[in-house]
Amino acid sequence: MNATQRPPAAHHAAHAASAGTPLRPPALQRLGLQRLRALPQPAERAMHAQHDAELEQMLPVLGPLFGLGMLLFTVWDMLLDPHLARYTLALRALAVLAGSAAYFPNALRWSVEWRCTHIYVTHVCALILCAFILPQGLVYGLAGIAACDFAAALCTLRLPVFARMLAAPTVLYVVLSAWRLPWLLCVSGLMQYAFTVALATVMLLVMRMFQQKSFLLEQQLLHLSQHDSLTGACNRRYLEEVAERELALAQRHGRKLAVAMLDIDHFKQVNDQYGHETGDRVLQALVRTCQGELREIDHFGRLGGEEFVCVLPETDRDDALRCAERLRHSLSMLAIATPFGPLHFTVSVGVAVYGPGHANWPALLHDADLALYRAKHDGRNRVVLASLR
Ligand SMILES: Nc1nc2c(ncn2[C@@H]2O[C@H](COP(=O)(O)OP(=O)(O)OP(=O)(O)O)[C@@H](O)[C@H]2O)c(=O)[nH]1
């Protein structure tokens, strides 16, 4: 199966959902929360990559803001104990200094999730230590400490990463509370803390559900905008986009590139004799067959009507001719079932190989088109190579 034939991640997910795979727990289904389960692996990876890229962009702003908020807490420290406030300010400044390396991507070569973890752990641990230093700080500061859980939930869609971020601050808070507070205050503080963690976890799961929904929708829209609705092949606009990319690679790195342009012979007669619906099925069968014959790295698209194009990267003249001949032969062997018996059809193919004379994609396509015209002119059902530029 090649790249164009493979359904997009969204389709995998939609298929898995419609097939009622065992991935969907009935309890979640009853609650309407079936999207809490993971998407298929490739879609899940792509969704997290998208989330990480957005976070990467926001971190240089959100990181320093978090640090600034940390320092501003000193005002509260001064209200509690002006004498101790100078020590807590020093501690907060130290934490901001230690965490600030992770605010910006170039300073550390860590992934964005590890940078978030680093910022969160340094800052929140300092917050807890300050609360411990101040009289009754662990009681008065509980709301601020617990609210940080929500900041952690905003940083990731992955539960293990969320747990990793919270682990060290939670252990520190539990140990210091047990040490400093009377047992009743300690237990009530821990219960409030646990409640906030639970709320932040629910928030993360709900955000993840929305993210999955919008990601799947985005993938479906992308697929619709790039593919022909009748045959599923790449549409003209998307094909031009990938062809320009392949041509740029060929020009820059001296790679080989070939193009094969296919046109069904006497397709008008097929429509006239068998009807448009059969004509459509011929087009669909052609696309299925070509996609099955081509490699993963090839691109196959519909230019319009009954005209198709294969973009063949890393392919020289001989390989391109062999590939075009194989397609022509496979298509001529197809039999489309109709009420009047099996329908056979043939194609003519024009092949052009990239050379220094091809300044852009239209120039290369134009040569393939000329070769196709010669194939038609010479009697159809054949492959013709364009003269080299
Ligand atoms: N069924 C169907 N027919 C289409 C579609 N798009 C274009 N066509 C038909 O394709 C036919 C193209 O006919 P022509 O351009 O005359 O070419 P041809 O009959 O294949 O003749 P040669 O290319 O010279 O061999 C027309 O009858 C169009 O109506 C489509 O999406 N579905």
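Using the three backbone atoms N, Cα and C, a Cβ is placed for every residue, glycine included.
Checking TrEMBL for transmembrane segment across the ranges 59-79, 122-142, 143-163 points to 59-79.
Your range for region 'Disordered', going by TrEMBL and the list 1-24, 313-336, 337-360, 361-384, is 1-24. DSSP assignment over the domain 'GGDEF' (255-388) gives 60 helix, 33 strand, 41 coil. Counting same-chain residues at least six beyond the ends of the transmembrane segment (85-104), those with a Cβ under 8 angstroms from any Cβ of the stretch are 59-60, 63-64, 67, 70-71, 73-74, 77-78, 110, 114-116, 118-119, 122-123, 125-127, 129-130, 133-134. Among residues of the same chain six or more beyond the transmembrane segment (59-79), those with a C-beta under 8 A of the stretch's C-beta atoms are 85, 88-89, 92-93, 95-96, 99-100, 102-105, 112, 115-116, 119, 123, 126-127, 130, 134, 141, 144, 151.
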